[in-house]
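**Student:** This is the structure, below, for whatever I ask next.
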Amino acid sequence: MKDELALTIANTIINGFERHFAIFTEITQSARNRFQQCQWNEIHRSARARTNFYDERVKETFNDIKEDFNISSLDDALWQRVKAVYSDLLINHKQPELAETFYNSVFCHLFERKYYHNDYIYVESTAHRLDDKTQPEIYTSYQPKELGLKQTICDIMNSHRTVIPFEDLDRDVDALINTFRRKAHKTRVKLEDLKFDILNFTFYRNKGAYLIGRVLSPAGETPFIIAVLNNEKGGLYIDALLTSSESMAVVFGFARAYFFVDCEHPYALVNFLQGLMPHKTKADLYSAIGFHKQGKTQFYRDFLNHLDSSDDQFELAAGIKGMVMSVFTLPSYPYVFKIIKDKFSPSKNITKKDVKGKYRLVKLHDRVGRMADTMEYSEVAFPKSRFNDELLAELQKVAPSIIRYEGEGEEALIIIEHLYIERRMVPLNLYLMDALKNKAQQKIDDALFGYGQAIKQLISADIFPGDMLLKNFGVTRHGRVIFYDYDEIAYMNEINFRVKPKAVTEEQLYAAEPWYSVMPGDMFPEELATFALANPSYLKAFKIHHEDLLTAAYWQQCQQDVANGIYKDVFPYPDKYRFCNLSFGSIKR
């Protein structure tokens, strides 16, 4: 009887997953038509909807099980059997790792944290069984010796193009070949020694389409991305070629929106991509291709493995303490853990619910490469012995309502009810202080250029950052400036950008408080110079490229552009890589 019940429950869960994956695939496939028809707003709407689908299907499946099987408590033997049966259902499945994560999500909705171990859920994945099977064909190989280099590349591009033709494929392929020769030294071999491996599907995101592959030669492997854009006049053109793991990693960065990529075998795809970008984790790559829940699962497995192989202690993160969040980190692991405080500083007129809403907004919005993606977790257990006394005291002081303890001695755990995890960066204020101390003017100039660019790209994507103090931005290992303090973000239409009234009397000039009326939502751009850029050397470097950010007129124009549906192009690669900016025969449009 229990075997039959276990099979029925397992089938209910797998059917829920299949519903989810079918809907996910349908909306992913729509990106191709959206790209062809230049429906950029629809692409953003689809991205937001797709992110929500997973939780909706989990809740549906959870409700089905609760109602159909009257589940109120865990039957140990039954649920071990359910997991065993479910594992059998995944033996020949195309997405076993995703289906395991879906199972975990449903189970965790049904039962308490004390049951979250490998007897009942997939703490350890069984998807590694795929490594022993014949790998699915997710890429096509091309050998230029047969048709010549130019014709081979033309064939590659045409095999991926949509119903829209290239505006001048001959010109673009010449630019590709020139760029390969200049930048990819390992491709400078005889044609008979070259081979291209090209993934069989196009990666879509925002206004771009990306072809991804590698060139193999006796000199080694060269990964690459070809960026294709729509000229919005009925033609496609190649905009850039990236030929290094580092530049590709930025395209797949944690501050970018998720790709739309129609692939039935994500396990094989992630393995291929990791071969091209070894510094990217599987968690990074699953998230980048749209499976953010799988990214969370993979991250947590990696984190548990790291805890087992390390012995350093968690500690408070470097930088100025936040008024809303408390942040801690593990020095040997490149992430930070953020919890919402029970009480905020008086100047913060928001609630916990508001803060969670802001983080959700960022998850659903186009992050334009300037807002860090976060992973949200509930009921997370840490070994208490790994927390230093200062951190334990701080957590107990600022967030006692979400902290509890289980077990004793070496087995003691600290359970955090709710937290966010994101990539660790160097706070911009500390980065600049270090550069100033070491008289590294170029680093100061680059960082403040990036700071201004981050603000401009955020507001052009309809995100007002709110608190723009330097401490709320971080610098990545690639040198990019990223915003990561979300509790005051707003849409542009919610803000009133004003010119600060000029003081006309001595009393007004030296007033401790504003002598003019200030309403909620008012923002005075010129105050950036006073509050965020008080150091004269910072302000000087900032003004070289971004003096316009100190004027209300600039912000008002951006606000009007957003209201009119005008969004500036933000490319996930430097302008210097764009073919229109390269020295060889400048491509004009």
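The count begins at 1 with the first shown residue.
Heads up, the Cβ atoms here are built off N, Cα and C, so glycines get one too.
Not my notes, these are from Swiss-Prot:
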type	residues	note
BINDING	Ala317, Ala318, Gly319, Ile320, Lys321, Gly322, Met323, Lys338	ATP binding site
ACT_SITE	Asp373	active site
**Student:** Distance between Gly322 (ATP binding site) and the residue listed as 'active site' at the Cα atoms, whole Å?
**Tutor:** 19
**Student:** Determine, from DSSP, whether Lys338 (ATP binding site) sits in helix, strand or coil.
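**Tutor:** Looking at the DSSP assignment, Lys338 (ATP binding site) belongs to a strand.
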**Student:** Using a 10 Å radius around each Cβ and all protein chains in view, which of these binding-site residues has the most neighbours: Lys321, Lys338?
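**Tutor:** Output for this query is Lys338.
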**Student:** If you count other Cβ atoms within 10 Å of each one's Cβ, which of the binding-site residues Gly319, Gly322 has the most?
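**Tutor:** The most densely surrounded of these binding-site residues is Gly322.
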**Student:** How many other Cβ atoms sit within 10 Å of the Cβ of the residue listed as 'active site'?
**Tutor:** 21
**Student:** Tally every other Cβ atom lying within 10 Å of the Cβ atom of Ala318 (ATP binding site).
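**Tutor:** There are 12 such Cβ atoms around Ala318 (ATP binding site).
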**Student:** List the Cα distance (Å, whole number) between Lys321 (ATP binding site) and Asp373 (active site).
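**Tutor:** Distance (Cα to Cα, whole Å): 21 Å.
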**Student:** Where does Ala318 (ATP binding site) sit in the DSSP three-state scheme?
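**Tutor:** DSSP call for Ala318 (ATP binding site): coil, neither helix nor strand.
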